[in-house]
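Engineer: Below are the features I grabbed from Swiss-Prot:
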- 10-15, 79-81, 114-119, His134: FMN binding site (BINDING)
- Tyr12: NAD(+) binding site (BINDING)
- Trp99: substrate binding site (BINDING)
- 4-190: domain 'Flavodoxin-like' (DOMAIN)
Amino acid sequence: MAKILVLYYSMYGHIETLAGAIAEGARKVSGVDVTIKRVPETMPAEAFAKAGGKTNQQAPVATPHELADYDGIIFGTPTRFGNMSGQMRTFLDQTGGLWASGALYGKVASVFASTGTGGGQEHTITSTWTTLAHHGFIIVPIGYGAKELFDVSQTRGGTPYGATTIAGGDGSRQPSAEELAIARFQGEHVAKITAKLKG
């Protein structure tokens with residue numbers, strides 16, 4: 001059975017919501033076991049609470065060494081100035097031992113993201129790919145396989161690189177039905193490829 005990890009960081013819950021949709025899509029594929037985990041928070045608790053961070057996230061916290069236990073990993077991160085969040089960066093910076101041993105080489109990876117106003121969402125995904133390439137992950141974008149990517153009638157996230165959501169400058173906009181559909185597509189797409197490669 002192929003094992004897939006949906007690994008995310010979410011401060012306000014947008015990426016957490018997308019992670020749930022990604023996992024839902026992946027679970028449509030038979031022969032796949034899906035786990036959702038999050039990376040540790042690095043902000044001091046007081047600063048996190050003052051910033052309005054979501055403290056009741058149910059996903060357990062992952063440790064870097066356990067990444068080797070999975071056949072495919074779908075990473076989710078909010079955009080911070082066109083890059084992944086510091087929390088995800090800190091987590092991935094602890095995977096040097098996995099890199100040295102080649103523990104992640106040949107595993108499947110994909111990325112999803114959120115932005116406040118849309119700026120940097122594609123760059124966040126593609127810049128995250130750089131770290132994944134150094135590990136030797138097989139990087140899986142979604143292309144234009146999700147029909148929702150052709151809908152230009154409304155503001156929405158979603159790119160050929162991976163699912164995204166636009167949270168709005170104040171974070172009040174939640175993922176739309178179209179954005180969640182794209183996320184489910186990504187989960188299912190990555191799960192199918194992972195299962196095929198696992199054999």
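Glycine is no exception: its Cβ is also placed from the backbone N, Cα and C atoms.
Quick caveat, the model's predicted, so the values are computed rather than measured.
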Engineer: DSSP secondary structure for Thr115 (FMN binding site), reduced to helix/strand/coil, please.
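Structural biologist: It is in a strand.
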Engineer: C-alpha of Gly119 (FMN binding site) to C-alpha of Trp99 (substrate binding site): distance in Å?
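Structural biologist: Gly119 (FMN binding site) to Trp99 (substrate binding site), Cα-Cα distance: 31 Å.
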Engineer: Any idea which of the binding-site residues Ser10, Thr79, Thr115, Thr117 has the thinnest Cβ neighbourhood at 10 Å?
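Structural biologist: Comparing Cβ neighbours within 10 Å for the binding-site residues Ser10, Thr79, Thr115, Thr117, Thr117 has the fewest.
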Engineer: Looking at the domain 'Flavodoxin-like' (4-190) alone, can you tell me the average pLDDT?
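Structural biologist: Summarising the domain 'Flavodoxin-like' (4-190) by its mean pLDDT gives 96.
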Engineer: Round to the nearest Å and give the CA-to-CA distance linking His14 (FMN binding site) with Trp99 (substrate binding site).
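Structural biologist: Just about 30 Å between their Cα atoms.
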Engineer: Would you say which of the binding-site residues Tyr12, Phe81, Trp99 has the most Cβ atoms within 10 Å of its own Cβ?
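Structural biologist: It comes out as Tyr12.
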Engineer: Please report the Cα separation of Phe81 (FMN binding site) and the residue listed as 'substrate binding site' in Å, rounded to an integer.
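Structural biologist: Between the Cα atoms of Phe81 (FMN binding site) and the residue listed as 'substrate binding site', the distance comes to 26 Å.
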Engineer: Using DSSP with the three-state reduction, classify Phe81 (FMN binding site) as helix, strand or coil.
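Structural biologist: It is coil.
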Engineer: Between the Cα atoms of Ser10 (FMN binding site) and Trp99 (substrate binding site), find the distance and write it as a whole number of Å.
Structural biologist: 25
Engineer: If you draw a 10 Å sphere on the Cβ of Gly119 (FMN binding site), how many other Cβ atoms land inside?
Structural biologist: 13
Engineer: What is the separation, in Å, between the Cα atoms of Trp99 (substrate binding site) and Thr79 (FMN binding site)?
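Structural biologist: Counting only the Cα atoms, the answer is 24 Å.
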